There are 4 protein chains.
Amino acid sequence: MISDRKLEHLLLCTHSDVEYHKKTGFKDVELVHKALPEINKEEIDLSTSLLGKKMDAPIIITAITGGHPSSIEVNQKLAQAAGNLNIGMGLGSQRAAVENPELTSTYTVAREAAPDALLIGNIGAPQMEQALEASQMMDLDAMAIHLNPLQEAIQPEGDVDSRGYLENIKKTTEEMKIPVIAKETGAGISGNDAKLLENVGVKAIDVAGSGGTSWAAVETYRSPDKDMGELYWDWGIPTAASTVEVSQSVQIPIISSGGIRNGLEAVKALALGADAVGMALPVLKTSYLGEGALEKFFQKFMDQIKVAMFLVGASNLKQLQKTDLVIQGKTREWLTERGYNTKIYARRSSL
Amino acid sequence: MISDRKLEHLLLCTHSDVEYHKKTGFKDVELVHKALPEINKEEIDLSTSLLGKKMDAPIIITAITGGHPSSIEVNQKLAQAAGNLNIGMGLGSQRAAVENPELTSTYTVAREAAPDALLIGNIGAPQMEQALEASQMMDLDAMAIHLNPLQEAIQPEGDVDSRGYLENIKKTTEEMKIPVIAKETGAGISGNDAKLLENVGVKAIDVAGSGGTSWAAVETYRSPDKDMGELYWDWGIPTAASTVEVSQSVQIPIISSGGIRNGLEAVKALALGADAVGMALPVLKTSYLGEGALEKFFQKFMDQIKVAMFLVGASNLKQLQKTDLVIQGKTREWLTERGYNTKIYARRSSL
Amino acid sequence: MISDRKLEHLLLCTHSDVEYHKKTGFKDVELVHKALPEINKEEIDLSTSLLGKKMDAPIIITAITGGHPSSIEVNQKLAQAAGNLNIGMGLGSQRAAVENPELTSTYTVAREAAPDALLIGNIGAPQMEQALEASQMMDLDAMAIHLNPLQEAIQPEGDVDSRGYLENIKKTTEEMKIPVIAKETGAGISGNDAKLLENVGVKAIDVAGSGGTSWAAVETYRSPDKDMGELYWDWGIPTAASTVEVSQSVQIPIISSGGIRNGLEAVKALALGADAVGMALPVLKTSYLGEGALEKFFQKFMDQIKVAMFLVGASNLKQLQKTDLVIQGKTREWLTERGYNTKIYARRSSL
Amino acid sequence: MISDRKLEHLLLCTHSDVEYHKKTGFKDVELVHKALPEINKEEIDLSTSLLGKKMDAPIIITAITGGHPSSIEVNQKLAQAAGNLNIGMGLGSQRAAVENPELTSTYTVAREAAPDALLIGNIGAPQMEQALEASQMMDLDAMAIHLNPLQEAIQPEGDVDSRGYLENIKKTTEEMKIPVIAKETGAGISGNDAKLLENVGVKAIDVAGSGGTSWAAVETYRSPDKDMGELYWDWGIPTAASTVEVSQSVQIPIISSGGIRNGLEAVKALALGADAVGMALPVLKTSYLGEGALEKFFQKFMDQIKVAMFLVGASNLKQLQKTDLVIQGKTREWLTERGYNTKIYARRSSL
Ligand SMILES: Cc1cc2nc3c(=O)[nH]c(=O)nc-3n(C[C@H](O)[C@H](O)[C@H](O)COP(=O)(O)O)c2cc1C
Ligand SMILES: Cc1cc2nc3c(=O)[nH]c(=O)nc-3n(C[C@H](O)[C@H](O)[C@H](O)COP(=O)(O)O)c2cc1C
Ligand SMILES: Cc1cc2nc3c(=O)[nH]c(=O)nc-3n(C[C@H](O)[C@H](O)[C@H](O)COP(=O)(O)O)c2cc1C
Ligand SMILES: Cc1cc2nc3c(=O)[nH]c(=O)nc-3n(C[C@H](O)[C@H](O)[C@H](O)COP(=O)(O)O)c2cc1C
């Protein structure tokens, strides 16, 4: 049962260590302090617009849930917060409701709770033929196709025939009225894959790199054979590297996610070229903490973002992408070997 | 007595820490995740052919034993597994049987148990004059000449006159009907040595690099003077570096081995240019675990291989050698200093 | 109340861990030993002149206190030591006395105790309009404008409108009779910011880089929300990197400070291009140790300086800037990425 | 009293931790394994000649003692071992005997015990005017002038006027009948200093780099102020880097020493260009272990040398300098920054 698995995932992610042991790589990224910011921190403007929708901050609660009775409460809370703060929110895979329409309300509750926020639908690449129907389930601003080959490969019941996905995405982008986002779920997207996706009409990419929730980790708990999940626990392109690869490869907007846990990491991602950052696990955990917890969480997160933006002298997100940052260590090594230039960020402010 | 030493080696390797403390270097090698594999994992084809023999997977149980009564059971089990799975197997040094024909059955049991599998004979470089006779002991597909200067240098009774080996290998390749493989036993083969071996007619190279079984370690237990073995415990070219060096230097097939312990490391070796991977120590240990253990071990190993191949979008071994990988850390440093190009692997998929 | 906060800072800095966890980077800097110094250590001359004032050693007690009754004793002791040793001393921010003239004596005590030493006034960038008045509070040799955006951003009551600072510094340098120093307080100054400051008439720069006292750390103790301070605890440009950046960017004198804790680190800073080194926290702590402690502290510090100068064969500070040093590790990586040349120091002695 | 200090040094070095915490750098140097050595280990020839004297192995017991009654026994034992094995030996500083002729026999005992071995006199640079007299104290093969600015700078009674040393060495090399060696005592010699020394007529250089006995460490125990010795404990050029610097800068023979503790490190030093290796501390310690201990120590050391030489296929010391080695880590970083080429060693065997 899909919906049972959904519950299992929610519980596992909330209670067990399901995160990558290897890091996002943001520790390797150092923003260069500006002793003379020459801006007013009070006037820092985090607003942006993504896929035609205005947002008060470049933050998206990425796809988490739907399809299980318990999803209703979670999605409602997430959507209320998203609505209150005017940030983005993604639904969990809508497959359950496409296959079992009784479950539709576990998803539509989000649009009800957040009538104006950027709301993103979700369907897995193996169920791409359901994308159109899913996109019509409610008033959605975009449809995310999630790519999750790592989990599919590890879980016994996984769908491991990924042939024709690109062609299918092309068809989907053509027939769909709303823009299509391609998103990974924790193993990252390379510059090359991003280019392919852009070429078939995808309108934004959520890199969902490694360093946060690991689907190999999640499956380790669910599987009798622990070895496979443990072996692939750390598989993937670290989020910092993935963000750079994608941003140097495509023109469409980029959501950087996977292991982003505070506003400082968010600012690094944004300065590296992301148009917004996404988070799932910490948001899910916070949603259980009671009334107002999510609002407090995001408020703090935005405060943290503003501190870093102040300290590099960026009044808005566009200026942030002109500030200096240094890429060191393994992230620099990865990018250099891969042919991506790391020095272009290091002194761009004075060009 | 050679055969007593053989038993001692079996026991030591099974019960003591005989592995390198320094690593193979495969940790430095990162396969680049493909969010869009565009293949069907169920249809991944691991088959290959090596030295004219078809194999269902690019895996070889490298030389372990023979020459002691207890070798019969080990060789029989290994051969049965190799036969069942149609993978390759190497005999331990046949010197014991050449010098004492009564021991012949401790080797021939392998061919009986695996009539069709790739079966590789074995003789040490110091006994090269026995190679022809050894090659005729049964129906062998190839003859491995093993190079083991580290052990010879450390053990008191070692044969340390290695003059003329290359010339002798030349003679052996000329007079032998079956192809000759040159293999190390854990200290690795440099690109330069590989070139010399190819030039004298060797038809495949098993790099057997450092990171797995250490013959200096084994001899540390056997020797009253522990210092010498401990000092040279970590001597050698790490397997990942050795695999790259050899694959950038010769045209003949390459077996990567020495410390390969799971399918993910195997895929890295294959992606770096190896035609097959080899293992000895973990196979030996598994052989003692009872009925079916070896088959289970290799099945799991192949499953692990397929996961990585799926995640880089390779349906077969040839495609695997066109996928992207990044070489970092000490392995990159070694290769760069040695004049080998590490960047050629980093983005070759999109060329 | 400013003066209460001043006391709180003194207490916190003396009793809690308020230092960066990340290091200054001086560990990455290795002075190249000279087996043949060809100088007489007894005749090493540490004297220098800064902003027109002669000093017996290139050491400055950077801004610490003033404005609270307890500051009197501290400033008197610091000034006595500075006077006795003829080194430099900075006052803490004079804002308290500008706003409340009764507190003036907590500052002027320094000039009384050290009639001839280089004495530097201090005002924060947010209070720049008070600079002129502060500069006339006593006979000062220079006026430091301190830049402290990190603390301002972290503390709830912080002044976070930094617009126009550069323009205001320009005005201040023009109207002021004494030279203006721009100083950070622990987060460092980039080459680019240094250039901007030089262009508006600043006559010296105190880099005050990260690695020593962290104002985010200090504010962590003062704030109910510990997360913000902890997240930014290690924010900033490490002192070694900042010293190189500034020294390769401007012509005006440079004070290297932030985490300098012994004479060996001081010599590294001086060899990297600094004209003097500064210290606050260790001097403050020593000031509480009783009669003569400060003199002993600095005497030892100068002895340590002389050992390193002897071992690189430098009789004076000018020669020191021609000796060889090697920059390694993260500091090399930072500087290289930022486009600063590290090799120019490595063999300059033999040019 | 010099002779009391001599005893104190002997005791301290034997019983306390007086070694550098930072390493020689030989761990960064990897000899490239040769699977086909093509030599006979039994016939490896360690003989060499240094300063006109034949030696059976490129090993020198570097300067340790003399001048105290207890030195007699030590020097006798060392000389007997040197004589028996026909390796080199250095006397401790002869200053004590020049100033107090009664102590002469504590030195001459060495020549008596080793009539034919390479025997090297010793005088400190501060006592260079005693060099001629010292050189005539017995039949010496060479005279070492030791440079020890680190110890002189740390010890309270140190002679820290090093002006004119180079000029004095020039005079000494001219008036002396026997060749002059310049040696450090643990802080290393740079390429530049080596060049200067060669230019004034020095006939060999003992780099005595850092990584072994630290004279700052020794003085830490002797001094009431522990801080100074601790601060400079790790001062100096690591032995591996110093060996490369000197060997790429001069034509005269090089003794590599400072922290060499086994035959594998010795082979690395020799492969990097040294003509012999030197050791003091471990030899001193062994000399107390009773009859035959020194001979056993050196025998084992030479056995270790031969293993590595065998494994890189070098039959003699000249061939060793054509074998491949890889320089990694901090040693590579040091040398690259300093403008020395590390790649010339990496594949020289196949040129
Ligand atoms: C409980 C849970 C359920 C998820 N379900 C979906 C999903 O249905 N569809 C999807 O695209 N991603 C799903 N994700 C992945 C997230 O959207 C996100 O890409 C990934 O967790 C990495 O971000 P994080 O490290 O901030 O958690 C899920 C994540 C979690 C933790
Ligand atoms: C018990 C044992 C016996 C071995 N005997 C031989 C042998 O006779 N001939 C040979 O070529 N290699 C021999 N080897 C070496 C292996 O074939 C292999 O090259 C080496 O162990 C490295 O692989 P591993 O790390 O997977 O063990 C032996 C290895 C082991 C563990
Ligand atoms: C208790 C204390 C008070 C300080 N007050 C001031 C100040 O009023 N003005 C200023 O420019 N810097 C002030 N500083 C910063 C220091 O001058 C110095 O830049 C910084 O502490 C880094 O140096 P350190 O690591 O040696 O402490 C203060 C530092 C301390 C520890
Ligand atoms: C106890 C002792 C006494 C020494 N005395 C002298 C000396 O008189 N003259 C000298 O040139 N070096 C002297 N040295 C330095 C050694 O010759 C050598 O350069 C240094 O110890 C580094 O080598 P090691 O790490 O193998 O000890 C002495 C070393 C020791 C341990």
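Cβ from N, Cα, C; glycine included.
Quick caveat, the model's predicted, so the values are computed rather than measured.
Checking the candidates A:Thr48, A:Thr108, A:Thr213, A:Thr243 against TrEMBL: the one annotated together with A:Thr62, A:Ala63, A:Ile64, A:Thr65, A:Ser93, A:Asn122, A:Lys183, A:Gly259, A:Ile260, A:Arg261, A:Ala280, A:Leu281 at the FMN site is A:Thr213.
Sequence-distant contacts (6 or more apart, same chain, Cβ under 8 Å) of A:Thr62 (FMN binding site) comprise A:Gly90, A:Lys183, A:Asp206, A:Ala208, A:Ile255, A:Ser257, A:Gly278, A:Met279, A:Ala280. Secondary structure counts, DSSP: the domain 'FMN-dependent dehydrogenase' (A:22-94) has 21 helix, 17 strand, 35 coil. Counting only same-chain residues at least 6 apart in sequence, those with a Cβ under 8 Å from the Cβ of A:Leu281 (FMN binding site) are A:Cys13, A:Val18, A:Glu19, A:Gly212, A:Thr213. Summarising model confidence by region, the domain 'FMN-dependent dehydrogenase' (A:163-324) averages a pLDDT of 97. Residues within less than 8 Å, Cβ to Cβ, of A:Ser93 (substrate binding site) and separated from it by at least 6 positions along the same chain comprise A:Ala63, A:Gly66, A:Gly67, A:Asn122, A:Ile123, A:Gly124, A:Gln127, A:His146. Nearest to A:Gly259 (FMN binding site) in space, judged by Cα atoms and limited to the binding-site residues A:Arg5, A:Arg95, A:Gln151, is A:Gln151.
Comparing local CB density within 10 A for the binding-site residues A:Gln94, A:Gln151, the maximum falls on A:Gln94. Among the record's substrate binders, A:Arg5, A:Lys6, A:Ser93, A:Gln94, A:Arg95, A:Gln151, no two C-alpha atoms are more than 17 Å apart, and one pair sits at exactly that spread. A:Arg5 (substrate binding site) sits 13 Å from A:Ile64 (FMN binding site), taking the C-alpha atoms as the reference points. When the binding-site residues A:Lys6, A:Arg95, A:Lys183, A:Arg261 are compared by the number of other CB atoms within 10 angstroms of each CB, A:Arg261 has the fewest. Looking at A:Arg95 (substrate binding site) and A:Ile64 (FMN binding site), their Cα atoms lie 13 Å from each other. Listed in sequence order, the residues of the same chain lying 6 or more apart from A:Glu152 (Mg(2+) binding site) and placing their CB within less than 8 Å of its CB are A:Pro126, A:Gly158, A:Asp159, A:Val160, A:Ser162. A 10 Å radius around the C-alpha of A:Arg261 (FMN binding site) takes in none of the binding-site residues listed as A:Lys6, A:Gln94, A:Gln151. For A:Ile64 (FMN binding site) paired with A:Gln94 (substrate binding site), the C-alpha to C-alpha distance reads 11 Å.
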